[in-house]
Every structure is written in structure tokens, then in C-alpha cells.
Amino acid sequence: MLRGVSDRAPAPEEHGPQPRLRFRDFGRGYYVFLGISLVFALGNSSDVFIILRARNLGLGVSEAVLAYMLFNVVYALLSMPAGIASDRLGRRGVIAGGFAIFAVVYFGFAFVEAGAYIWLLFAVYGSYMALTEGVGRALVADFVGAQWRGTALGLYQGAMGLMILLSSILAGVLWDQVGPAAPFFLGGSTAALAFLLAVFLLPRRPLPGPEQRRQES
């Protein structure tokens, strides 16, 4: 055996008691953004509907798949620039811009009658995704102290998932009972409302909750 080498395991680190989770510690800004996001999600149904709409407007199966691939390519190319813009210019403007683009795209899907315009709409839709997908999660993290960010993100993602499920069910009912354009009128309207709410209600800078203020004091 080598001398001077101890075979004893190091003593476990002692941690103090974890503070009790209080949802008010997430802060007002977090709940404002969550509410705005839920309004938006009410019209943000599954992407299956935009593929169905493309088929409804005359695109073949392979063309609809290629159009969706175009959306993903634009999304991938613009994701990093969108993240950089959110860091330099502020997340509120970037996320609000994403809501505005979504509204334009969905109203486009509602009004367009020629399948040729679908390609442009899919490409612009990719820019919406780049502006909102990662930036939204970063905005949640900005509003909540480091200790509860995982919980806050989980609550946000869970609430959004449930709302998008309800939105997809509602979109299916509207498609069958009203017409193929109806889900897109709903999506465009809720996105336009979310844009206005983000511009007028979302804080330009994150407002710290009680837990953040205690950590900073």
C-alpha cells in the first residue's frame, strides 16, 4: 500500500435546510409573461394544421413536407442571431416581434388562396420560431432567482403544453365546424393580442421577486 494515501471517504458536505417554495417568490414579471404566453398559446395549435392547410391549398404531400423542411432550416439559421439580439437589445422586443410575425403568418394562412404563397409563409414562420423558442425560456430564467429556475421553467413548460393541447383540440373543432381558415383567424388574433400585451405590460427589465431581492441584499 502507498503511504500517505487515505482510504477513508471524504466527509459529505453539509447543506443547510432548503427554503420552502413560495410561488410569490417568482415575481410579478414572471406571472405577467406566463399570462401573455398562455394568451398566445390559445391560438398556437399543432403544426399539423399548417401542413393540412398547405395540402388544402393545393400542395402535394412531398411539397408540404419540403415546405415544412424550409421552416426548420430558417429556424435553425436564425436561432443564434435571435439569441444574440435578445442579449444585446433586450428580450421583450424580440419576443414581441416573434408574436407579431406569428400573427402575420397565421392571418396569411387564413387569407391566402394560392398555394405558391405557402412557401413564403413557411419561411417566415421559421423566423417566428427562432425569435420565441429559446428567448422565451431565457426570459423566464431572467425573472426568477437561480434557486427556483428549474421549477419556474417546469411550470411554464407544463402550462404551455396544456394550453397548446387545448388549442389543438379547439383548432380541430373550428376546422371541421367553421372551415379550414378558422383556426388561423384564431391564432392570428391571439398572437396580435399577445404582441400588444407584451409591448404594454411586459417589463423592459426583469422585476426581481422577493427571493431575488433577498439574495441580492
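A Cβ is built for glycine as well, from the same backbone N, Cα and C atoms used for every other residue.
All TrEMBL annotations are machine predictions without curation.
Per TrEMBL, domain 'Major facilitator superfamily (MFS) profile' is recorded for 21-217. For the domain 'Major facilitator superfamily (MFS) profile' (21-217), the mean pLDDT of the prediction comes to 90.
Only residues 6 or more beyond the boundaries of the transmembrane segment (30-52), in the same chain, are considered here, and those with a CB under 8 A from a CB of the stretch are 64-65, 67-68, 99, 102, 106, 109, 121-122, 125, 136, 139-140, 143-144, 152, 155-156, 159-160, 163-164, 166-168, 170-171, 175, 180, 183-184, 186-191, 193-194, 197-198, 201-203, 209. Among the features that TrEMBL reports, transmembrane segment is placed at 30-52 (among others).
Residues annotated as transmembrane segment in TrEMBL: 64-82 (among others).
According to TrEMBL, the feature transmembrane segment maps to 94-112 (among others).
The transmembrane segment annotation in TrEMBL covers 118-140 (among others).
Marked as transmembrane segment by TrEMBL: 152-175 (among others).
Counting same-chain residues at least six beyond the ends of the transmembrane segment (181-203), those with a Cβ under 8 angstroms from any Cβ of the stretch are 29, 32-33, 35-37, 39-45, 49, 53, 92, 95-96, 99-100, 102-107, 109-111, 170-172, 174-175. Taken from TrEMBL, the feature transmembrane segment applies to 181-203 (among others).
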Query = For the transmembrane segment (118-140), what are the same-chain contacts with Cβ under 8 Å, counting residues 6+ beyond its ends?
reply = 30, 33, 37, 50, 53-54, 57, 59, 67-68, 70-75, 77-79, 81-83, 86, 91-92, 94-95, 97-99, 101-102, 104-105, 108-109, 112, 149, 152-153, 156, 206
Key: Chain residues outside the transmembrane segment (152-175) and at least six past its termini with a C-beta under 8 angstroms from it   = 26, 30, 34, 37-38, 41-46, 48-49, 52, 136-137, 140-141, 143-144, 182-183, 186-187
